[in-house]
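Visitor: First the structure, which I've put down as structure tokens, then a few questions once you've had a look.
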Amino acid sequence: MRHAKQVLPGLFFTLLGLLLLFAGCSKFTAPEDFQTQSVSQHQAEVSWKENPKADRYEIQIVAENGLHLETQTTQSTTLSLDGLWTDTSYTLTLTALQGENRSDSAELTFKTAPAEVGAVEGISAAMSESNPLEYTIAWQPYVSEETNADGSAPKVTYALYESAKPEVGYQLVAENLEDTSRTLTGTKELFQRYYKVCPVLTVDGKKFSGSLCDQPVQVTTGLVNNLTVTAAATSSHSILDVSWTPYDTSKLDSNLENPVVTYTVYGAYTADGEYEQLASGLTGTSWEEKGLLGNMTRYYKVAVTVTAGDLSNTSALSAPSSGATTPLSPVQQEAQQEQQQTQTPSAQQPAPSQPAASEPSTPAVTTPTQQEQKLAQATAVAQRIADEINANFQGATDLEKITAAAQEVAEYCNQAKYTTEGEDYSQAYGVFVKGEYSCAGATRALGLVLDCLGYDWEHVNENQWTHQWCKVTSMDGQVGWADGQIGAAGYGEHPFV
């Protein structure tokens, strides 16, 4: 009995030690060397050291947003993960398993690679044809090889940046642009800015910006022409006064240094006709057109030019002025009075739109006294025309003077009737005094003015049933032509016949 009491305590401690030993042997340690082998945008490969006691491994995956992905189980010591989101942190928890037993866990955190975005190409700018302040920036579509985790293409948008300088200081002016262009409207005239664009990819819900394009595109807004132009007759039959409202310089961009405003005047014979430049570089708001014929109607438009340093911009033409008509010249007034006194009013026939084929231009048979008297009257009119041209065209070219003479003769023809009957239809007297004309009469009338101006000329097609005109022997050093019926002149040969 005493022996049994001695054995029982020793047996108890032996059993307790065995239990503790078995308990210790059943405990797993955490897997070692848990690490990434490779990480890309949508994939990762991880590995760990083999645990001899494990028959399998469990990996729990949690994304940075707290979302738990499907738990993975493997007997291998490596694991490939696919379909991961771009630029996202993941935490992996690795546990070794043996039957129902679980080891301590090892953790690993990694982040997938971000999307790679380049730059757009082919940026350009185009000004609006109807609004000088409006312009459109455009660029080539950005093509990306990136994909979302599910294999779909990412969304591409664009961000537009603006700067007052070409190299630095670009600020965002528009973002989330889905189109490859953006129309903007400047708040000031001659507003000069530079623009760059960068692509933005939305991959797996995250935005990734590319780089700004290397070369900016420059834009300068235009000038809005709101000038009001007015034309008015003066006391002179050869001068019209043109005036306009001044350009408002407060509309200009404040960054311009010392802007200078000038004006250019254009004129035409009809409101919707072809406007020719008459004067440029004007700093005032009025101008006179001189050297006009009596009873002539003119219309005017004005353009604005602003110069600031190396920058110079000219606006579109303004709206036309109302027509202004010069008074009748003394020659026209006298001819009108003569016609009223010597002729019974009759229906006037309109002048033909094209040069009419003329009758034989053989002078009518009159007594020397009658012929001399009519020639003297016609010469007096021609001399007054020549005096007006010499006064109004000082320093002008021969072509300018002769053209003015042809236009004056054409004005007489327009106020007369076309005929091939009677004694005076083929003479200068008929055109200048009697109020009737033909191409032969218009040619002799113009020739008489050329005589008074001191030009040598020849009668082309004289006494022929065809169109006739003056060939000028020397016009600014070369042969020229002048046509009194159509009111035109030029160098070389007559181009219309």
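Using the three backbone atoms N, Cα and C, a Cβ is placed for every residue, glycine included.
TrEMBL annotations: computationally assigned, not manually curated.
From TrEMBL, here are the annotated features:
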- 30-115: domain 'Fibronectin type-III' (DOMAIN)
- 314-331: compositional bias 'Polar residues' (COMPBIAS)
- 314-376: region 'Disordered' (REGION)
- 332-364: compositional bias 'Low complexity' (COMPBIAS)
- 365-376: compositional bias 'Polar residues' (COMPBIAS)
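Mind mapping these onto the model and telling me what they sit next to?
Guide: Non-local neighbours of the compositional bias 'Polar residues' (314-331) in the same chain are 132, 222-233, 235-242, 244, 264, 266, 268, 271-272, 275, 292-305, 381, 384-385, 388, 408; each lies 6+ residues outside the stretch with a CB under 8 Å from one of its CB atoms.
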Visitor: What is the number of residues in the domain 'Fibronectin type-III' (30-115) that are helix, strand and coil, as DSSP sees it?
Guide: 0 helix, 49 strand, 37 coil
Visitor: Using DSSP, what is the helix/strand/coil residue split across the compositional bias 'Polar residues' (314-331)?
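Guide: Its residues fall into 2 helix, 3 strand, 13 coil.
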Visitor: What average pLDDT is reported by the model for the domain 'Fibronectin type-III' (30-115)?
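Guide: The predicted confidence over the domain 'Fibronectin type-III' (30-115), as a mean pLDDT, is 95.
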